[in-house]
Amino acid sequence: MSFPYEYIFKYIIIGDMGVGKSCLLHQFTENKFVPDSPHTIGVEFGTRIVDVNNKKIKLQIWDTAGQERFRAVTRSYYRGAAGALLVYDITRRITYNHLTTWLTDARNLTNPNTVIMLIGNKKDLEGQRDVTYEEASAFAKQNGLIFVESSAKTGENVEEAFLRTAKLIFQSVQEGNVDLIPDGGITKNPPQTITDKPQDASKCSC
């Protein structure tokens, strides 16, 4: 068989409960908004193949639960993440105030070269905004994060968030800053094409 992609990048999505992590995952992988998406219990998983610099890359995305009682379980999924999407709700300051705790976990439990993207979600609710763009941008700059505001409902900047993260991970690969091993969150498929040996029809029992 031949692989339809050359690399696999592991992502995790982290942040408080109700910030729209699962909605971001569904919007990116299925191009749809699920308004009544139930709160994630443990983890949820999704994949999508994207094109970065003419290379096919499979993104394996782990959406983690935001509730405190699941933190011990979800922390195990941080290991080996090549990219981390740190999400808060621009209409709920409490979710922004908790970013430092989430970021500390990400820094302690992932790799030094993990790309961390800060996402201010629910941009479609501008009239209810409780965290300014400038404030979050300053936080991102201070902590060396990439930053974007998005809307899982309208799809605004969702694609950009995932793809921009993938481009920075791929850049690290090209520069030799990361190891191509599963524990590093990045796997490279063999360059050769593997062909299944056809079965001898004369030996088939039909």
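Any Cβ shown, glycine's included, is placed from N, Cα and C.
Note that the structure is a prediction, hence the values are computed from the model and not measured.
Looking at 37-45, 127-135, 154-162, the range tied to motif 'Effector region' in Swiss-Prot is 37-45. Other Cβ atoms within 10 Å of the Cβ of K123 (GTP binding site), summed over all protein chains shown, number 20.
DSSP assigns K123 (GTP binding site) to a helical segment in the three-state reduction. Fewest Cβ neighbours within 10 Å among the binding-site residues G15, G18, K21, T64: this applies to G18.
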